[in-house]
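Taken from TrEMBL as is:
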type	residues	note
COMPBIAS	130-143	compositional bias 'Polar residues'
REGION	1-21	region 'Disordered'
REGION	119-146	region 'Disordered'
REPEAT	187-229	repeat 'WD'
REPEAT	360-402	repeat 'WD'
REPEAT	403-445	repeat 'WD'
REPEAT	446-480	repeat 'WD'
Amino acid sequence: GCKNQKHVLRPESLEGTDEEDPVTALEWDPLSTDYLLVANLHNGIRLVDSESLSCITTFNFPSAAASVQCLAWVSSAPGMFITGDSQVGVLRIWNVSRTTPIDNFKLKKSGFHGLHVLSSPPKKKSCSSQYPTKNHHTSSTSEAIPPPTFTQNQAFSLPPGHAVCCFMDGGVGLYDIGAKKWDFLRDLGHVETIFDCKFKPDNPDLLATASFDGTIKVWDINTLTAVYTSPGNEGVIYSLSWAPGDLNCIAGATSRNGGFIWDVPKGKIITRFSEHGKNGIFCIAWSHKDSKRIATCSSDGFCIIRTIDGRVLHKYKHPAAVFGCDWSQNNKDMIATGCEDKNVRVYYLATSSDQPLKVFTGHTAKVFHVRWSPLREGILCSGSDDGTVRIWDYTQDACINILSGHTAPVRGLMWNPEIPYLLISGSWDYTIRVWDTRDGTCLDTVYDHGADVYGLTCHPSRPFTMASCSRDSTVRLWSLTPLINPLQINILADRCWDEIIGNTDRAVESGAPPLLCGKVSRDIKQEVEKLTENPRGKKLRWFSECFSPPGGSKNLWDLVAVIKGQDDSLLPLNYCKGIMHMKHLIRFRMSKAQELTTVKMSKFGGGIGAPSKEERLKEAAEIHLRLGQIQRYCELMVELGEWDKALSVAPGVSMKYWRKLMQRRADQLIQEENDDVIPYCIAIGDVKKLVSFFTSRGQLKEALLVAQAACEGNIQMSPLSTTSGSANSGENSTDDYNELLHKVSKELAEWYFQDGHAVLAACCHLAVENIELAMANLIRGNELELAISVGTVLGESAAQATHYALELLARKCMTVTTWDLAADLMMMIPDNKLQLVKLCAFYPGCVAEINDLHEKCHLPDVEECMQLAETVQADGDIFETIKYYLLSTEPEKALPIGIQYVKEQLSGSDWTLDSVCPYLDLLSYIRTERLVLHKCSEFRNELLILCGYTGALLAIRRQYNSIVPALYEYT
């Protein structure tokens, strides 16, 4: 039954061997129905005509060792294609008209996995009017027209286009072929299921992951980059466990090769454990109470406790495979296991017995992971293939709750280290569920992972940032702060400690508000109570760092400290890796440059116009003697593309001519997007040109560095100015450079902001001490709690924005019905009378509750407001009338008065937005249940139309262009 094969083209046989030569890649030519590009493992690449079954061209590699992993046609350039090598990450660019590559770029050490070309539109070039047309009259001083700059074997210019590159080590990037640079590169990644993830005990920024691909990788979660990767080749790694404290080692458990300890900074495996033979080890746990002990559990039915040097202390035999184990957080001699026989066991190491102390039965399928509660002694949970999580109380020998909801086996399990009732689970049903274990309710279900969720973890000092890992080969980071409202706002509103921190018994009472019960909150409280000056600022910063997810908040607080005059010696070690304050930028970069190089002199010239070599001077002198016409010589050289020769003798004509030539060269290189432009611009002090070059390529950090160097006077403008008129005065250029610095930092901030990183955008503004824009970015990015904390610490300079953020956060509290908190936040705004009126007007409680809130906000009770409304109405004060009616027992009486007034204003010819907005804004705070009454329907419609109309005008004023049409349509 072999299928009939039609048109078979075999590769040429390899001489002297019987080895097969498989096809590794093939692609049809997009412009032809017959041509096919074929790559074989040994025979390289051929262009084949599928009609005649003949080979049109055979392409030759520069080295015999190179073989092709993938290839792709470049659709924007007919006949051009690119290939990726299989052993090393070399990208080669070819044209069907040549048998050798046009160009080769080594992009990475590891080989390609896949390639795809996206055609990107060509960048708009500035019109090149800088060179005269070809047929002009040439005199001895005419400007020559230069050819484009080429690399040694490049008679082709590279097409605009981007290559999406995937590499064997999991790296993924977007390479700009025309500009020859990465637009994006994630250097390493896992290429298979990630079974486990854990934060480093002494560093909440480092996360380790263990994968089916045989490696453990350690990631910096601020930049999402891999900082370490284990040697590999371990088979499948199911589980990992960090050594306690700062020991910098990780224990790993594999499917066939036993357990091991990896010394992370040294990058090598220092110990192996083989007690389980070739049986798979599903879990490894390093004791954090006694750093000499490591537990493993395996498919051979044993849970083995050993010392780190391999001496076996206990072997606990189970009736079937053991999948999970966890050391108790309160008792260093207690460990729990999960077994295939559906039972959870607790063992006590201080006895010589190999029998469990307790056996918990109840699950109806195998038990996988078990986890002790970090906050409640004797409480543990277990996840099972029966789809449930059970909570056990060791002291009562009982199951105290069953959490049902997952539709497949449960894998990941994690207790929150601060909120004692919060438990999170991950499952083969692709979801993560968040549970309140007091009554077993599921608070949230997350569907983002594309496959089974295996690992969940968080760090005690950043308790509301969780990492999850999955069979979809991704690690994801989550913020849990929405689950613990209003805790963060209690801190901002300076509520008493009792409403922020509590003991476990109080926190686990059913219906109790969330309270912090863990170590990090206790530590903050102790430190704050020790402080004699500015405890509020420190308290806000420490809690903000504890609540905020990674991604810039720490950087932001460092910048705030610098602005507030903190001593530089107190800055953390990794400060120089983030966004630095402008006064540090050059200093830190200089020291980095000194680290990287010991070469004393820079590559580019010794001062302006100094020839680089004596021979060139001699040669120039000879030409001078023979011709006496240096300028003509220079222009001839330019025409031949020998720019360097021209530039080296140009000062012989005049410095002015040399500068002009330098500028022409720089302009040409910028047009070709060539990095070689950088030294030219710096030598002639053309900072603006260089900044715009970097900016146009999206290299905003480089642009910022150059602008700052210019501000500090490191880049000198040559005394001869090419601008018409006199040379610039010094002060003027400093102001120019300052303006440039702010412009670039603004662009970098906008780039971060559009990328979804509001906090990093704020860092860019703070780095140049633009506090107003920094606060605006935080508020626009809905980072209100952070904005208020930072604004409070910055003080007067940020006061206006802080007050606005307080108002917005108070409005948020009104939607989640924490009204008293909203009032507390409003009270922190100095001019708060109107805000408090709006809050009370909108409050939907019964009369007694409304009066309580009025009292808290220093407003008269509802009856008195009714009388006041009638009194001020008689006096003809419209705004006050609306205000008091809204606060009274019949708020709907405000509607006809307010709407009538606004309509009268609009019918006049000289009305402004500012004259009607305050009235409509106030009316909008009428209680919803009154506004929806049938008798108000006409007023309601008028109010909505007027608000929509003024809203559209406001949006135009504020340049919120995208919402203007919708608002007009609505009205």
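Glycine is no exception: its Cβ is also placed from the backbone N, Cα and C atoms.
In this chain, the repeat 'WD' (446-480) touches the repeat 'WD' (187-229); three or more CB pairs sit within less than 8 A of each other, excluding pairs fewer than 6 residues apart. DSSP assignment over the repeat 'WD' (187-229) gives 0 helix, 26 strand, 17 coil.
Within the repeat 'WD' (403-445), the DSSP-based counts of helix, strand and coil residues read 0 helix, 24 strand, 19 coil. Within the same chain, residues 365, 368-376, 381-391, 451-458, 460, 463-464, 466, 468, 470, 478, 480, 483-484, 504, 507-510, 514-521 sit at least 6 positions outside the repeat 'WD' (403-445) and bring their C-beta atoms closer than 8 Å to a C-beta of that stretch. Applying DSSP to the repeat 'WD' (360-402) sorts its residues as follows: 0 helix, 24 strand, 19 coil. Taken through DSSP, the repeat 'WD' (446-480) splits into 0 helix, 22 strand, 13 coil.
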